[in-house]
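Visitor: Provided herewith is a single structure, encoded as structure tokens, for subsequent inquiry.
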Amino acid sequence: MVFLETNKNGNREINPIESWKYGIKTPTIDIEFTNLTYTVSTGKKSEKDILKNISGQFKSNELTAVMGPSGSGKSTLLNILTGFQNDGVSGIVTINGQPRDMRTFRKMSCYVMQDDLFQPKMTVLEAMHFAADLKLGFHVPKSSKQILIIDILKTLRLLHAQNTMTEKLSGGEGKRLSIALELVSNPPVIILDEPTTGLDELSSTQCIDLLRKIALTGKTVVCSIHTPSAKIFSKFHNIYIVASGQCVYRGPSNKLVPFLSTVGIDCPKTYNPADFVIDVSCGEYGHDFVKKMMSTVNTKFPITPIQRTMSYDIEKSYQKNTKVQWHIQFCVLSKRMMIQTIRDWNFVLFKLIMYLLSGLLLGCLYFNLGGDGSKTISIFLFCLACSVFFGYIPMIPIILSHPHQLQLVEREHFNRWYDISPFFWASNLSTIPVAMSAATIIIITAYSLSGLPLEYYRFAMFSSSCILTMFISEGIGFVLGTLFSVVCAFLFLILQNQKCILILGFGDITPLPIYRSCLMYISHLRYGFEAMVISIFGYDREGLSCPDEYCHYKMPIDILKIGHMESRDFWINLKMLFAFFIAIRMLLYYLLQRRIHNRINPSNNKTKKKTIFRLGNFE
Ligand code: ADP
Ligand code: MG
């Protein structure tokens with residue numbers, strides 16, 4: 001039986017709340033894969049087959065274990081079956097006997113990866129609520145979501161930890177939460193990579209018990225597992241053993257020992273069959289046995305092709321775009337990010353205090369020099385210090401945190417929680433309040449202490465240049481965090497540092513050689529710096545007071561001249577900063593799409609198209 005309801009538009013769709021509540025009965029999905037081969041290139045002309053022509057079936061109502069020695073290809077097989085890995089794959093995957101339609105399959109499956117990653121600063125209950133809002137949208141009433149969440153938490157024995165922060169959960173609880181978060185949308189196929197690794201024996205048994213219980217509600221549950229205890233091993237309905245990328249056993253767990261006897265190797269009575277078969281697959285009892293197992297498995301356990309189709313209603317229901325609307329995704333993600341920012345109060349407070357101290361330091365270094373004609377160069381350097389501060393400091397925390405955040409986004413996006421675009425907008429907008437507050441503190445402190453002209457338009461011009469430089473720097477931080485690891489991103493900053501020397505461009509040579517001008521004007525730091533200097537010395541500012549007999553740079557126009565800025569316009573600089581800001585954010589959006597979306601939805605790359613064709617009805 002399948003639980004369907006009629007929605008507002010008269011279409012019939014699966015109601016996840018009811019289907020979970022009544023222990024039913026999403027469609028039953030049988031997965032079959034035939035002659036799967038996965039090849040990676042290992043040098044200019046050499047290739048390596050990680051999976052070699054392997055075939056098998058994972059059925060509904062069954063808990064299947066994918067076993068094998070470390071490095072045998074378990075994770076690779078699961079990555080391919082979930083669609084997480086597409087490049088270099090050949091073979092056929094069918095769902096209920098029909099060629100797999102990747103879009104539909106992704107809507108009915110979830111992938112729980114080996115290491116647990118959670119949104120920080122959330123309790124278990126909050127994490128579940130955000131998952132429910134993102135996966136079910138707002139049209140499911142809050143009360144129903146609450147019932148669903150409590151129901152899942154109860155089943156997964158997480159109710160006692162509902163108010164615990166996710167980062168404080170124990171290993172077993174963390175693993176169960178990873179599963180609970182995916183169960184919200186009640187997917188008929190659940191694939192897990194080593195869910196028991198790192199757990200003690202009791203937690204592992206509880207975890208496998210739970211997966212068995214879930215499988216018996218009609219779901220297809222497949223998990224890779226390294227070396228289960230005999231007790232855990234007996235809980236699996238089916239075992240699929242991989243050795244060096246080839247299948248050496250597929251069939252019921254209780255038929256493994258008789259199978260080993262038929263190939264001529266008896267499992268000692270006191271041995272755990274799971275340990276024993278892994279030893280055999282590693283070649284510890286001779287490679288002949290491994291070869292014999294590979295050839296015998298096909299005759300002993302031949303694959304009978306699955307002959308059924310999905311019910312028309314179900315297929316249509318899953319083919320429709322079941323994702324919640326853009327604005328809901330955006331609102332939920334923004335709320336989640338805001339809560340995380342507020343909860344990370346220590347960081348916010350630290351940032352505000354650091355900016356205040358930096359403002360005080362800058363203000364003290366250049367104390368009251370703003371109107372002093374004998375210290376004009378110092379104010380010029382003050383602007384340089386500001387442009388370097390706003391050009392670098394804001395990107396550092398982003399470079400450090402963004403790569404980790406992206407891993408989480410990759411997973412959540414893969415499991416169809418949300419699209420890239422609402423995430424992009426939410427993450428860009430959610431940084432604004434703290435960034436603006438910190439910038440305001442440093443600008444007001446440094447500007448007032450250094451005695452710069454207290455004219456509102458000069459202050460507004462100076463502040464806007466600083467703030468735009470800061471947002472560009474944040475954007476560069478996001479771009480570097482998307483492209484590189486933390487270490488590489490910091491190495492890239494060394495190159496950026498050299499630009500500081502170039503943006504100054506004054507003093508030595510007049511006119512500047514063309515290459516120096518070019519280098520100067522491809523950097524946003526130069527535009528920010530120029531805008532700051534012009535906002536202080538430009539716009540026909542009167543001559544400064546001169547405490548000595550002679551002040552060389554008494555007239556503001558002279559200081560503009562040594563920086564080659566006498567004919568430059570503030571607004572052009574501001575427009576250029578704005579153009580940089582837009583360009584960096586567009587680049588960021590493109591890179592996010594490329595990194596996350598294209599990996600999961602291969603459609604516009606030649607080699608990927610080859611894979612799509614080979615895997616059948618992919619798009
Ligand atoms: P496990 O069974 O431990 O999960 P994996 O599926 O992660 O093993 O990996 C199987 C084998 O494939 C390993 O030997 C691994 O080093 C190799 N491998 C996986 N991906 C690549 C790759 N992109 N390039 C080269 N070797 C790879
Ligand atoms: Mg693995």
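Positions of Cβ are set from backbone N, Cα and C atoms, glycine also.
Straight from TrEMBL, here's the annotation block:
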{"type": "DOMAIN", "residues": "31-269", "note": "domain 'ABC transporter'"}
{"type": "TRANSMEM", "residues": "345-367", "note": "transmembrane segment"}
{"type": "TRANSMEM", "residues": "379-400", "note": "transmembrane segment"}
{"type": "TRANSMEM", "residues": "420-444", "note": "transmembrane segment"}
{"type": "TRANSMEM", "residues": "478-495", "note": "transmembrane segment"}
{"type": "TRANSMEM", "residues": "570-592", "note": "transmembrane segment"}
Visitor: Please figure out which one of 345-367, 379-400, 420-444, 570-592 racks up the most CB pairs under 8 Å against the transmembrane segment (478-495).
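Guide: Looking at each of 345-367, 379-400, 420-444, 570-592 in turn, the most contacts to the transmembrane segment (478-495) are made by 379-400.
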Visitor: Across the domain 'ABC transporter' (31-269), what is the average pLDDT of the model, as a whole number?
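Guide: That stretch averages a pLDDT of 89.
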Visitor: Which residues, given as numbers and ranges, are at least 6 beyond the ends of the transmembrane segment (420-444) yet have a Cβ under 8 Å from it?
Guide: 326-327, 329-330, 333-334, 337-338, 341, 348, 351-352, 355-356, 358-359, 362, 389-390, 394, 405, 409, 413, 462-463, 466-467, 470-471, 474, 478, 585, 588-589, 592-593, 596-597
